[in-house]
Structures are given as C-alpha cells and as structure tokens.
Amino acid sequence: MPELPEVETVRRGLEKLLLGRTILSLEVKVPKMIKTSYDSFLHDLPGQTIQAMRRRGKYLIFDFGQLIIISHLRMEGKYLLFTDQVPDNKHFHLFFKLDDGSTLVYQDVRKFGTFDLLDRKQEEAYFTRKKLGPEPTKKTFKYVPFERALMHSGKSIKPLLLEQKLVAGLGNIYVDEVLWAAKVHPETPANKLSKAAMKRVHDQTIAILQLGIAKGGSTIRTYRNALGEDGTMQNYLQVYGKTGQPCPRCASMIVKIKLGGRGTHLCPHCQKR
C-alpha cells in the first residue's frame, strides 16, 4: 500500500502534470470505486479545472475550487497520463479526458481504490469522521498530545500507530523503520514505553517519513510516481524486507514476525520487549 511518502510523491508529480487542466469528459468502468453519488461524479466533473493538488495523510485531493475529489490509492492504485492514445489494459478503471488532449488514467489491479466527490466545505468533516491524526511534521505533530495518547493505551505500539489516529501516514513499511530507529519492539504496549522511548518514536516518525518524501518513496513492488519513475527510499530501509540480514546497528539477524496479521520486521537484540 502506498504510504505517506509515496502519496506525497504522487501528488507532486500530478501537480506538475495537471495544474490548470480542465476535465472535458470521463469514463468510469468500476462504479463501486465511487463512494459518493455516481451520477454526480459523472455529471459534475466535466468543465471543472484542477486548481491544486493536495494531500491529507494517505489521501490525494484534487481541488477544483468549490468541488474536490478525495482519492485513496489503497493497495495498488496509481495514476498514469497519456498524451495520445490510451493502450488497452484490463486494470485501467477511470479515464479523465483533459483539455490539452491528454488522458489521466487510474489503474488499480485490486480495484480497492476509492473516490469521493465533495463540496470543499465538507472536507474537514470528512477527515474528522476518519479520525485522521496530524501530519508528521514538527509544526503539526506535537509531542505532548502524542505522549498522553500513548500513556492511555494498552495496545501494542505498531498496530496503534497504524490506526492513523495519532499521526497520519504510517503504513507497514515505515512503521517498522520508525520502531527500529527508536529501538522499540513492535509488540510493546504503548503505555509500557518509557518517556524516552515515546520521544524517540515521535521524533523518528517525523524524520523517517520526511526522508521517505525526500527520496521519492519506496519502490518495493509496483509503486511508481505519477511521472512513471521509481522511488529510491528502498535503498535507505534498515529493517523492512531484510529478514535474515544483519542489523545495521548491532549485526544481529533481522527477523520477521506476524503482528495483527501483518508481517513485521525487527532486530531482536536492539528492539527488546
């Protein structure tokens, strides 16, 4: 699943390609992906001009001024821009014909992606219902509320971080990296962490997600940015996908366990419970 760095990289690519472009027509081959009114999606979007490309957590936001599309890529979603003919592909599901003759295509092997067409005034309420936490920046991700939330939760730290309520954007790759960097075992109950460990988790969340953005995201399986380029963050991963390899910090073997149904990578020496 694309995580915050990958979605931010897609946003930046789409911004370069789409800003100022007007939708002339569209085709939707998988109506179930449209989570708001299907008829409104088809009838209200033609004539709309893309004024901004924004992001909230793992959600992309196409901003038309009064209207917005909130797009969630889920497991395998990606956007492709074709300047002339669109090739046949059974995994191409949404087609936006643009005023310069190009076509923006949404591709999704799993068909899990979602689209919500909303009035911009509904955006805040939408994300409030999602209980989405703050963005992982020094300005928005404050330590004191984070510490307070951890102290009041007996959940294991990894599943808790993946809920998106404490901070937006962490997924399976980056949470493993954050907890390795913070020297915290993923199964540790949040309220059993020392305050020093809580602070390390907080600070490493910001540092690693920002590094992921700087490196254009991680190309692990099928991820590409909107320009068709691979990310490079996979070259900087310390623990994710490194089962059986030596820990970069202590040379113990990285192991993989199951936690909450997810493959979880850790160093048993550096990340003791």
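Quick reminder: no glycine exception, Cβ is built from N, Cα and C everywhere.
So that you can see what the record holds, here are the features copied from Swiss-Prot:
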ACT_SITE  P2  active site, schiff-base intermediate with DNA
ACT_SITE  E3  active site, proton donor
ACT_SITE  K58  active site, proton donor
BINDING   H91, R110  DNA binding site
ZN_FING   238-272  zinc finger
ACT_SITE  R262  active site, proton donor
Provide, as an integer number of angstrom, the distance between the C-alpha atoms of the residue listed as 'active site, schiff-base intermediate with DNA' and K58 (active site, proton donor).
7
Those recorded positions, out of E3, H91, R110, R262, that come within 10 angstroms of K58 (active site, proton donor) at the Cα
E3
Tally of helix, strand and coil residues over the zinc finger (238-272) according to DSSP?
0 helix, 12 strand, 23 coil
Provide, as an integer number of angstrom, the distance between the C-alpha atoms of E3 (active site, proton donor) and R110 (DNA binding site).
17
Within 10 Å of the Cβ of K58 (active site, proton donor), how many other Cβ atoms can you find? Include all protein chains, please.
21
Cβ distance under 8 Å to R110 (DNA binding site), same chain, sequence separation 6 or more: which residues?
R74, M75, E76
Among all protein chains shown, how many Cβ atoms are found within 10 Å of the Cβ of E3 (active site, proton donor), not counting that one?
22
Taking the Cβ of P2 (active site, schiff-base intermediate with DNA) as the centre, count every other Cβ atom within 10 Å, in any protein chain shown.
26
In the chain carrying R262 (active site, proton donor), residues 6 or more apart in sequence that have Cβ under 8 angstroms from it:
K158, L162, N172
Please list, in sequence order, the residues in the chain of H91 (DNA binding site) that are at least six apart in sequence and whose C-beta is under 8 Å away from its C-beta.
Q107, D108, V109
